[in-house]
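Colleague: Take a look at the following structure, please.
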Amino acid sequence: MNFEGLDPGLAEFSPAMHSTLDPVLDAHLNPSLLQNVELDPEGVALEALPVQESVHIMEGVYSELHSVVAEVGVPVSVSHFDLQEEMLWVGSHGGHATSFFGPALERYSSFQVNGSDDIRQIQSLENGILFLTKNNLKYMARGGLIIFDYLLDESEDMHSLLLADNNTLLVGGLQNHVLEIDLNTVQETQKYAVETPGVTIMRQTNRFFFCGHTSGKVSLRDLRSFKVEHEFDAFSGSLSDFDVHGNLLAACGFSSRLTGLACDRFLKVYDLRMMRAITPLQVHVDPAFLRFIPTYTSRLAIISQSGQCQFCEPTGLANPADIFHVNPVGPLLMTFDVSASKQALAFGDSEGCVHLWTDSPEPSFNPYSRETEFALPCLVDSLPALDWSQDLLPLSLIPVPLTTDALLSDWPAANSAPAPRRAPPVDAEILRTMKKVGFIGYAPNPRTRLRNQIPYRLKESDHEFDNFSQVTESPTGREEEPLHTVSKKYRKVTIKYSKLGLEDFDFKHYNKTLFAGLEPHIPNAYCNCMIQVLYFLEPVRCLIQNHLCQKEFCLACELGFLFHMLDLSRGDPCQGSNFLRAFRTIPEASALGLILADSDEASGKGSLARLIQRWNRFILTQLHQDMQELEVPQAYRGAGGSFCSSGDSIIGQLFSCEMENCSLCRCGSETVRASSTLLFTLSYPEDKTGKNYDFAQVLKRSICLEQNTQAWCDSCEKYQPTIQTRNIRHLPDILVINCEVNSSKEADFWRLQAEVAFKIAVKKFGGEVKSKEFALADRKELRSPEGFLCCSSMEELKNVWLPFSIRMKMTKNKGLDVCNWADEHELSSLGTPSQWGPARAEEEHGVYVYDLMATVVHILDSRTGGSLVAHIKVGETYHQRKEGVTHQQWYLFNDFLIEPIDKYEAVQFDMNWKVPAILYYVKRNLNSRYNLNSKNPIEASVLLAEASLARKQRKTHTTFIPLMLNEMPQVGDLVGLDAEFVTLNEEEAELRSDGTKSTIKPSQMSVARITCVRGQGPNEGIPFIDDYISTQEQVVDYLTQYSGIKPGDLDAKISSKHLTTLKSTYLKLRFLIDIGVKFVGHGLQKDFRVINLMVPKDQVLDTVYLFHMPRKRMISLRFLAWYFLDLKIQGETHDSIEDARTALQLYRKYLELSKNGAEPESFHKVLKGLYEKGRKMDWKVPEPESQSSPKSKAGLRPGALGWVG
């Protein structure tokens, strides 16, 4: 057939498929169908099929109104009247869907639903249309846009669907079950078993679900449980159709005869009140379809496939006069449907034609239909012409594309200034008559001006806002606040997460050095800046890295592991998750208020400056205690190499300052008590006159503190006013100072002293005072070791009060002298004797020079809640290890943002947004005083067998064989690795206005199981580590489907697994990394990240990258195993032993296919075939025909060394 005016995309079919029926010979053919019809050898060409206006439609009697072609020559498989709009939907055997609007059947939309299978059921919903094919359920908008595409099992053969409620769908077919699908989540929620297979028709009332079976039975099922309540054995052959109305059920079908199945002309009618059959109804046509059409009576419409239609009452006799003919173009009618208003009937035939019969000339498909949305016509060609002869023609009439770039008409930033309009003053009459209730004031309207009338004031006359004109607009563009004063590099940095996580986040943009930053998203990561300060103290770093003990949550051990990661990193950020995990378990930290909730940390509640100063005191005390408790552990035989002996602490030698506290009562009694402290707190003078104080004066006053207080006197035997003084006996090697700028009082003191110091500097370098000493100082500063020119600009000395060096000397009468020190003092002392003596002989005279090494500052930012950053002077040894150069340099450390800075920036404190919190001064030539040799304290004994923490763990359940002494790994050995995780905190995300999802904070994962298998030798594939990690933290989600971890597996009281501590397993992996083994696994980058390990890239063989093409998707281990190894893994849950073995086999396969990397082109072809196969299968592994649920895949290979898991 050739239909003009139809969609050009419709398929053409051969003449053999067309009907051979001659329309002229058919007495029942509607003559109106012959209008504009030409018969030719190629088929029938219909220019227009609608009924002519002369056709008369009798009210109350059904007759044909229109006939249209849905798809040329392709049989109609299903028809459905839309329940929301005035539309008729038609599906074909070719998988094509077409919709027609209104009684005129105007084509509305046409699109392909399935490329190979026929459409078997259509259901209209509020926002779209559901289409059911053989094994696919597709939800599409009425215009053809796919909303979701739900693939069923390939073995399914679906025929019917039923909308149980607005969100639940039942789908049945030729199998022995019915699926329940949630339309909100698009997931299968239930699978109901049916005793009689083959559910091809489903109906529903307020009492039952009705299921029609291919065996000829109709079952009535409960609405809640879907259990069979009643069953009617309607036909002995098969069921053709049935319908339900009120208390009646009518069915038609086929009965078994000697020659086979024959159409039964008796309709079976059942009374649902008595649940029994009533008198069958004999009809005069061969019934294939039937529907109740309850208008005035409960009429039944019975349709035969040849086109005959009969109306009759279900409880009366059929009248032959009620038969009429539909006149299909093809030989058979294929579908039949009735509109919700009962005013229209739709028939679809085998030639793709749709016939609409109505009982009125202007029928309505639904009692209440909403308005249909039509595509807007293109308005581009209908734009009005512009008359260029008009002088006042606005250029805004010309449409231009929206752009975010700067426009030519934009004013330059230098010529722009924010000019806020001041609120007008409140009328004096209003203030006089105002009454207040609480904080709300109200007054009668004085009627002095009109509503919304405000006097306009020019900018020149508003002198009160002149200061704003001095603030230039932010140079970075319109998006930033123009009055924001915090420098960009000091602002709180955040990680932008995408659907790939961190893989596409550019950390190099924030850190162009080879030093490692720290990630900020972990709970209580506010201490990142202090971790960096401790790391860049060379003696502290060596001491911590040499420490190892048996204590599970030892901060010194965890800090040493973190320092090792910072050593290995080449600019990539690290995370202190394991250190902070141990930190959260210490009761003292919680008692001091150092453990912040996520909400408090995100909102910046509390003072971060006070918090980090308390943390500073806590960490030094805790490290001092951990070092004092050091004993040679039995489990870790390599832990004996420590700096200090038992009972002493190198932390004490570095930080501790011996003090002498003297209490003098007014009775003359004096009490002296010795003590020590690890840090000092600045105590500021109460002077409000604006007097100039050197930092050295304030520091001396804070160290040698003198105060009056009430104290107990043994002589007086009562509390008496006493004078308490503190004298120093021994100076520390590292001087730690908490600034305690916690109020505006201390901030004003810093601001005032900085202003006074700046005035002195301007006078000094401005030429008013120029002595020989200053000249020497200038020349010395020009050759400073940091490589910066001193005072190249006066701006560098603004807000500077802190000296870069101080000199301290013990006096003979237990006193202390402190002064600000600059290198010019040493030059002047060469020619003139000084009370301090030459610096080169400082130890002989008890004189020490301290150089500023780090400053920790609190950044005040109301938009982000503030943050903590550190300025650190990185020494030569660190530059030598990282960059191969020998020099010193100041750096800004702001989490993962690291940037070199000028040395003066480290001591500039604008108290409006940059407040000092902690200062670190170190003795000059500190590194030469200590042994800085560091060695790895982890030995091979950590891999030997160890006891499990689980009380119920039995040896028969062992899933691994520990390494023997002759199996110890060597450099380059292969080890298969896999890890499973649980979730501690759920992901925090927000939904943007455009519908996209933005991750604010990723989910916090914790390692739950780590497995290592042998990669070579006779025992290849047998695990030697299979540790379940005990956790004391609250687990939100065990992720059992993906991890195989069940509740109780990580609890030492009830677990039957081999349970260990995270530290124990971490040491095993650290030893393997340090010895130089190569790890083989799938997705190892995430595994090492959660375990908190830094592994050199040449020791990682990740199959997710080995079998990956650039700019293509990553392929799952399950699909790779099925494609290359013909293995089906990860059936119900994941098993780490199975995954690790599979990764090893895939690596062997990679070496085989790529000829050990020698033939990359041939391997590239293999990868192309892999991706083509994956796209065809939608990256899903076909399920086996009979899949048994795996009870335990964690055991050893049967027969391997006689072990069976």
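Here the Cβ of each residue, glycine as well, is placed from N, Cα and C on the backbone.
Here Swiss-Prot flags 153-193 as repeat 'WD 1'. The annotation repeat 'WD 2' is assigned in Swiss-Prot to 195-231. The repeat 'WD 3' annotation in Swiss-Prot covers 244-280. Positions annotated as repeat 'WD 4' by Swiss-Prot: 328-367. The region 'Linker' annotation in Swiss-Prot covers 368-484. Annotation comment: Swiss-Prot describes 485-924 as domain 'USP'. Here Swiss-Prot flags Ser784, Ser1189 as phosphoserine. Look at Swiss-Prot and you will find 975-1147 tagged as domain 'Exonuclease', backed by sequence analysis. Swiss-Prot lists Asp978, Glu980, Asp1087, Asp1139 with the feature divalent metal cation binding site. Residues or ranges marked as region 'Disordered' in Swiss-Prot: 1179-1205. Among the features that Swiss-Prot reports, compositional bias 'Low complexity' is placed at 1184-1193.
So where do these features actually land, and what's packed around them?
Modeller: Long-range contacts of the repeat 'WD 1' (153-193) within its own chain (CB-CB distance under 8 A, at least 6 residues past either end) are made by residues 120-121, 123, 125-126, 130, 132-135, 137, 139, 199-204, 209, 211, 214, 223, 226, 1182-1183.
Across the repeat 'WD 2' (195-231), mean pLDDT in this model comes to 93.
Across the repeat 'WD 4' (328-367), DSSP helix (H, G, I), strand (E, B) and coil residues number 0 helix, 18 strand, 22 coil.
When secondary structure is read from DSSP and collapsed to three states, Glu980 (divalent metal cation binding site) falls in the strand class.
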Colleague: Around Asp978 (divalent metal cation binding site), how many other C-beta atoms are within 10 angstroms of its C-beta?
Modeller: 28
Colleague: What residues in the same chain, six or more past the boundaries of the repeat 'WD 2' (195-231), come closer than 8 Å to it by Cβ-Cβ distance?
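Modeller: Those are 159-162, 164, 170, 172-176, 178, 237-239, 241-244, 249, 251, 253-254, 270, 272, 275, in sequence order.
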Colleague: Which residues in the same chain, at least 6 apart in sequence, have a Cβ under 8 Å from the Cβ of Glu980 (divalent metal cation binding site)?
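Modeller: The answer is Val1007, Ala1008, Arg1009, Leu1039, Tyr1042, Ser1043, Gly1044, Ile1045, His1134, Ser1136.
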Colleague: Residues near the divalent metal cation site, Asp978, Glu980, Asp1087, Asp1139 excluded, by Cβ within 8 Å of the Cβ center?
Modeller: Leu977, Ala979, Arg1009, Ile1010, Thr1011, Gly1081, His1082, Gly1083, His1134, Ser1136, Ala1140
Colleague: Take the repeat 'WD 3' (244-280) and count its residues per DSSP category (helix H/G/I, strand E/B, coil), listing them in that order.
Modeller: 0 helix, 24 strand, 13 coil
Colleague: List the residues of the same chain that sit at least 6 positions away from Asp1139 (divalent metal cation binding site) in sequence and have their Cβ under 8 Å from its Cβ, in sequence order, or write 'none'.
Modeller: Asp978, Thr1011, Gly1081, His1082, Leu1117, Ile1129, Gln1130
Colleague: Per DSSP, what is the residue count of the repeat 'WD 2' (195-231) in each of helix, strand and coil?
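Modeller: Grouping H, G, I as helix and E, B as strand yields 0 helix, 22 strand, 15 coil.
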Colleague: Per DSSP, what is the residue tally for the repeat 'WD 1' (153-193) in helix, strand and coil?
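Modeller: Secondary-structure breakdown of the repeat 'WD 1' (153-193): 0 helix, 25 strand, 16 coil.
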